[in-house]
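Pulled the feature table from TrEMBL, pasting it below:
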TRANSMEM  B:37-61  transmembrane segment
DOMAIN    B:53-309  domain 'G-protein coupled receptors family 1 profile'
TRANSMEM  B:73-92  transmembrane segment
TRANSMEM  B:112-133  transmembrane segment
TRANSMEM  B:154-175  transmembrane segment
TRANSMEM  B:208-226  transmembrane segment
TRANSMEM  B:247-265  transmembrane segment
TRANSMEM  B:297-316  transmembrane segment
Amino acid sequence: MDTKIFLSILLLSCCHCMVVRAQMSDCCLTVKNKPIPASRVVDYHHQIKGQGCSIDATILVTRHGRKLCVPLNENWVSLVKTQVIQLKTHCQEVNYKGKRCFGVKRQ
Amino acid sequence: MEDFYYEDEDAHFNDSYDYNYEHSICDKEAVRSFGGVFLPIIYALALVVGLAGNALVVVVYTSRLRLRTLTDVCILNLAVSDLLLLFTLPFWAADAVHGWRLGTGMCKFTSFLYSANFSCGMLLLACISVDRYRAVAHNPSGRTGAGARARIRWLLVCLSLWALAIILGIPELIFSTVKTTHHRTSCTAIYPHSMALPAKASLELLEIILRFLLPFLVMVVCYCQVGRALSRAAGVRRERKWRALRVLLAVVAVFLLTQLPYSVVKLWRALDIIYMLVTDCEVSKGLDRALQVTESLALAHACINPLLYAFIGSSFRGHVLKAAKRLGQRLGRHPRHGGEEPAVEIALRARAQTQSQSGSDDPDTSTFTI
């Protein structure tokens, strides 16, 4: 009888599992769906929901290193991303010299 | 508002336009540098204090000829579990200072050790309260008689507790991984993307509630019964009863004080992950700081356990003294030392007698070593 009560208590307490350790990721908490000129943007990252952050987002890095939060799947975002890839390739070719490559990080 | 992203094409390299910070990334560098200072200090303190206390418990309880009650066995297991938990602290301190540099395997193993032993501690605390309750409510005299059957039962209870704790640690073993973001690596649990949100949500809420609430409720119910039985017990002096009750109260209060803040912050965080409650960067930073502080507090429990469960017990103090005496005899025959001892022991026995309760007259075999 005692053993039964004991075991049922143990069984109940087994349902918990994970310890949320402090994870201090830089996250986008909200996004703004408002186009940003591609000329300002030098890099981008994706933020995937569940990997330390609560929402999906695209992080656009400006020439001065500011990180802006925009939606993940918008046409203008895709366009900006394509231009960023072009810019990065160009700057790699010219060894990051020139006005156009201002703020572009070396790969 | 309308022009917050736009700029003059001429002002190409000028970043001074009006930013809406709400939509720029929430930079947690301040929180990380706070953690990089705060966590190593707290972890070092916890490691030193916890290591000393728990190691003493392990030494005394293993050098003892036999463990008399399930509570004794649990206290020994609790000390071992706390030691294992404390051994992960240097790794977390290093992680807080300069990120995780030990690879995925070590990340998984350390997270597993941390999680399993955290759970194990909670389960053992609940187990101790159940055993104390049973001692008072059912067979106040019969529990100390440790036959072979009782020993097998204790072994089974402990094995099942450890097995459970290991099962509880398995998710960490699976999901923990080294994550690199913005030139910084950290060891965290990452859930698979395919996991359904409602499933994840209910699981997370359930586990947070059960991890804290269930052991707490078990402790409160059991210790209330013990307290009631104690206050009704005949032939025990009032102050003795009050002293025992105070210890029970301290055990529950310390558990509540150390675990409740952590559980509340975790609950808030879990809700935030599911329902995206926090959209303000300052609030988010505050939440992260609160998690760091409350987690340290929850860890402090591993250092306080020896004090609350072992050192307070009369028989433990007696055994420390006996062990010291044996050691003293073995090391060197200090005539001065030997001459002092009997007096100390008598004083200790007198104190032990006032603390023993629940009908047992022999302080060394008092059914619970409160």
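The count begins at 1 with the first shown residue.
Note that Cβ sites are derived from N, Cα and C of the backbone, with glycine treated the same way.
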In terms of Cβ proximity under 8 Å, which residues at least six beyond the ends of the transmembrane segment (B:73-92) contact it?
39, 43-44, 46-47, 50-51, 53-55, 57-58, 61-62, 67, 102, 106, 110, 113-114, 117-118, 120-121, 124-125, 127-128, 131, 154, 157-158, 161-162, 165, 299, 302-303, 305-306, 309-310
Any contact between the transmembrane segment (B:37-61) and the transmembrane segment (B:297-316), i.e. 3 or more CB pairs below 8 Å with pairs at least 6 residues apart?
yes
What average pLDDT is reported by the model for the domain 'G-protein coupled receptors family 1 profile' (B:53-309)?
83
